[in-house]
Amino acid sequence: MLVREPRAQEGLSEKLPRVVHRLSVIMKPQVVFVLGGPGAGKGTQCAKIVENYSYTHLSAGDLLREERSRTGSEFGQLIDTYIKEGKIVPVEITINLLKKAMEETMKVDEKKFRFLIDGFPRNQDNLQGWNTVMDGKADVKFVLFFDCSNEVCIDRCLERGKSSGRTDDNRASLEKRIQTYLQSTRPIIEQYEKQGKVHKIDASRSVDEVFADVKNILEKES
Ligand SMILES: Nc1ncnc2c1ncn2[C@@H]1O[C@H](COP(=O)(O)OP(=O)(O)OP(=O)(O)O)[C@@H](O)[C@H]1O
Ligand SMILES: Nc1ccn([C@H]2C[C@H](O)[C@@H](COP(=O)(O)O)O2)c(=O)n1
């Protein structure tokens, strides 16, 4: 006959790893949206957060650029046109890329359930798509809003454009991107502000000064 050792006899040190494992299995993705104008420094700050905290960085723009260059992608041409025009790609494409990237991250390592979602939601269509596909499946904890003047944003992107190879780091695309940001993204940030979810950071300072504020916020939120 199979005799099972009573688990009640176990000490805390034996139990704890199993409890932690179970909790992480049932853990919903915890999401921080990262927003701000083009060139505000979202990607730069996300990279620093990943170095110091257990977050996975998913940039909607990077995912779209990868999809654009994927051989056989049915969306390559559409994404290319939207990016050059500084317009926001229909959410059906973007949300599927984000969802897949989140699922793949958690499949490889179930402890990786904290995500920085950079450059999303950028308009009402993005937000609706998120709510339709991800509602109940992920918790949006708060929004990091990197605030910076249009002039600083444009200067940084033009400087980056000297080596980035990005098709939208030029003055013509940037003027459109800034308009899209002001008309479509700012209202989304305002909606989250009304919910008390936004941490606004002055992103016009040096990388380290900005990151000092980011650290304070993350320490308080954890
Ligand atoms: N605080 C800062 N001070 C000066 N330059 C910065 C700062 N933060 C980022 N940069 C530089 O500005 C450029 C844009 O930064 P980054 O790519 O992080 O911005 P972003 O908000 O992710 O842009 P986008 O939305 O266009 O992808 C980069 O060349 C980066 O090195
Ligand atoms: N939610 C998103 C994010 C990005 N895009 C497109 C349009 C943007 O101008 C471009 C570059 O994004 P970035 O790297 O600046 O975050 O990608 C979009 O359509 N939807």
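Just so you know, glycine gets a Cβ as well, placed from its N, Cα and C.
TrEMBL annotates Gly39, Ala40, Gly41, Lys42, Gly43, Thr44, Arg160 as ATP-binding residues; of Arg114, Arg205, the candidate listed for that same site is Arg205. Non-local neighbours of the region 'NMPbind' (59-89) in the same chain are 42-43, 46, 97-98, 101, 117-120, 122-123, 125-126, 167-168, 173-180, 184; each lies 6+ residues outside the stretch with a CB under 8 Å from one of its CB atoms.
In this structure, Gly39, Arg160 are the binding-site residues from Gly39, Asn126, Arg160 whose C-beta falls under 6 Å of some atom of ligand 1. In this structure, the binding-site residues Gly39, Gly43, Gly119 were compared by how many other Cβ atoms lie within 10 Å of their Cβ, and the smallest count belongs to Gly43.
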